[in-house]
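> Before anything else, here's the structure in question.
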Amino acid sequence: MSPPAARQRYIANKHENNSLLKKPKKFLNATLRRENEKSGAAKTNNRKYQNERSPENVNVGVHTAFKTFVSARLCSAICADISDCDETYNYWEPLHYIIYGQGLQTWEYSPQYALRSYTYILLQGVPGWIYERIFHPTPILIFYMVRCMLGFGCALMERFMYKSICQEFGVHIGRLWLIFQLFSAGMFISSTALLPSSFAMYFGCAALAAWWQQMYALSVFFMAIATLLGWPFAVLIGLPIAIDMLWRKQMFRTFFMWSAISAATICIPMIVIDSSYFGKLTFAPLNILWYNVFTSHGPNLYGTEPWSYYIVNGFLNFNIIWLLSLLTPMMLVIDFIVVPAKTKSTLNFPRYITLAPYYLWLVVFISQPHKEERFLFPIYPLISLCGAITVDVYQRIFYRLKTLMVQIKAGTVGSHYLDHTMFIAILVMVIGTLLGLSRVFSLYRNYHAPMDLVMELNHFKNSNEYRSSRLYNVCVGKDWYRYPGSFFLPARNFRIRFLKSEFRGLLPAYYADGENATRITHPYFNDMNQENDYMYFPYENCHFLIDFDADKCTSLEPCYSKHSKDWSVMKSLPFLIQEKSNSFFRAFYIPFLTDSYTVYGNFNLLKSKKMKPS
């Protein structure tokens, strides 16, 4: 389905053509002559015809765009690796516990802190639980089912946003945004991640799309979902919406009424569910805000980064589109000065308020010492939007300068600015697409080994050595943060265990057995990231061991694969050694060159030769 603006032009032109065809042929010339004599309609019709042929009106229908989004997101669901250990331990593991009654628990889920919401987990857990109860699939199938569900939800948001962008910013910008989204490495990573920041992206950007279509009630409701069920900091995206409704439009009744309805609809069930799981009155969004903003230690315990971290990370995930998005404010000012035809959006929203969520988010999060890649997920679609706007502005400026130099007469055939500048858009799309695909392929090639390696345990489960009555301990040492999660273990009698390594932070521990395990307060959890020996497992009781051999051996992190008396290599896959590889060629795959500048070690799945019972 085409965007309404283009569709109206198409219907009007079709109606005009049909009315002409219905006239008798012998009267056609006389009719046209009378119209020409009265109002010069022939010239007007010719101009309309040329306008319909303009590249501006060659658009991708909404349904077609949706199909491409679904295809891209399903590819992400199948091929993307888990790039953040927080996703594994804070979301996939509690989800595994909800479905199977077994999983790792982090201190954030301990009742004395209650920073994470079980309501968010249940949104993904209930479909997985139903799937498990009806069809009894292996855990890995549930993992990929949930991922595909997330990808489909992201595609729905992008469909809604594409339609709104075409109406608010124009068909050409919508077309550019579509291409940038499809081939973005950032969207490949974030679209199917089981993270509140991805969830905030789905509903936060859907709220912006509803706002651009003047669906104010829906916009407020989507924003409440993004903030309360997803991530409290997503409120930054909704701040310009609130300013527009309260200050510019003075829609006080609509804003406060739907805010109250949204809060009641979301908060009451959320408080009931979380309080039931934690065993006390709990409102998780308030707890996480308090910890991150008002405590003396907060998230800085987990590392700090310079302001340049997001600049580099943005380029890795969006390449030149990221750089173009940073130039958008300056380009809009130049456009206002240089281009005489002052364009404005279909719905008359000024650019300073429609694009404010993106730059407000950047200002706030770049200023925070603790930085992570996932913190930018909620604004990823806005990076593509601002990049598309910059390309469109540059095309208009280029056309204006060319007009001044070669004196192209306005109104002549082919005088639309896109007729003379499409090579710019095509060049940016080609470069952005190639760099995006190069980054995606590099991520899969360099870092996908842990997910493939753990799945090898399924072959052991089908072998004659396997005993269903035995508990198998799968150990990890220094590579604990690369473990993809319990969904990759073949059965419930496989348990992940942590060996002592050079890492000195707090590791997760298994939920207690029995009912009400989520209500139990454990003494080994703390909010200061202080190490506790309770989490460590005896080396001699390991049946399997996952270890990355990068030829860096210490007493706490030995090269286990070389202990041939204890271990046999069950499977080995290449994994990038970052410090020995060129930074550019490890980030982007360049055929015939990357292999000369990158170094790989062996990521090993080891099997004990002793197989001692636990």
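Every residue, even glycine, has its Cβ placed from backbone N, Cα and C.
As the structure is a computational prediction, the values presented were derived from the model and not from experiment.
Per TrEMBL, the features are:
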type	residues	note
REGION	33-54	region 'Disordered'
TRANSMEM	141-162	transmembrane segment
TRANSMEM	174-195	transmembrane segment
TRANSMEM	215-243	transmembrane segment
TRANSMEM	255-273	transmembrane segment
TRANSMEM	315-337	transmembrane segment
TRANSMEM	349-367	transmembrane segment
TRANSMEM	420-441	transmembrane segment
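Help me picture these features in the structure, burial and contacts included.
Tertiary proximity for the transmembrane segment (174-195) is limited to same-chain residues at least six positions away from its ends with a CB under 8 Å from its CB atoms, namely 3, 59-60, 65, 68-69, 72-73, 75-77, 80, 82-84, 86-87, 91-92, 95, 124, 146-148, 150-151, 154, 158, 162, 165-166, 201, 316-319, 321, 373-374, 376-377, 380-381, 383-385, 387-388, 391-392, 425, 428-429, 432-433, 436-437, 439-440, 443.
Note on the transmembrane segment (215-243): residues 117, 119-120, 123, 196-197, 199-200, 202-208, 251, 254-255, 258-259, 261-263, 265-267, 270, 285-286, 288-289, 353-354, 356-357, 360-361, 364, 378-379 of its chain, located 6 or more positions outside it, place their CB under 8 angstroms from a CB of the stretch.
Counting same-chain residues at least six beyond the ends of the transmembrane segment (315-337), those with a Cβ under 8 angstroms from any Cβ of the stretch are 180, 184-186, 189, 351, 355, 358-359, 373, 380, 382-387, 389-391, 393-394, 396-397, 428, 431-432, 435-436, 439, 587.
Using a Cβ-Cβ cut-off under 8 Å and counting only residues 6 or more beyond its ends in the same chain, the transmembrane segment (349-367) has close neighbours at 168, 204, 208, 212, 236-240, 243-244, 248, 307, 310, 325, 328-329, 332, 375-376, 378-379, 382-383, 385-386, 389.
The list of residues near the transmembrane segment (420-441) in space but at least 6 beyond its ends in sequence, with Cβ under 8 angstroms from a Cβ of it, reads 55, 79, 172, 176, 179-180, 183-185, 188, 316-321, 324, 387, 391-392, 394-396, 398-399, 402, 408, 414, 587-590.
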> Six or more residues beyond either end and a Cβ under 8 Å away: which residues meet both conditions relative to the transmembrane segment (255-273)?
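Same-chain residues near the transmembrane segment (255-273) but 6 or more away: 117-119, 122, 216-217, 220-221, 223-225, 228-229, 242, 245-246, 281-284.
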> Counting only residues 6 or more past its boundaries, what in the same chain has a CB within less than 8 Å of a CB in the transmembrane segment (141-162)?
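For the transmembrane segment (141-162), the nonlocal Cβ contacts are 62, 65-66, 69-70, 72-74, 76-78, 92, 95, 99, 124, 127-128, 131-132, 174, 177-178, 181, 187, 191-194, 198, 201-203, 205-206, 208-210, 381, 485, 487-488.
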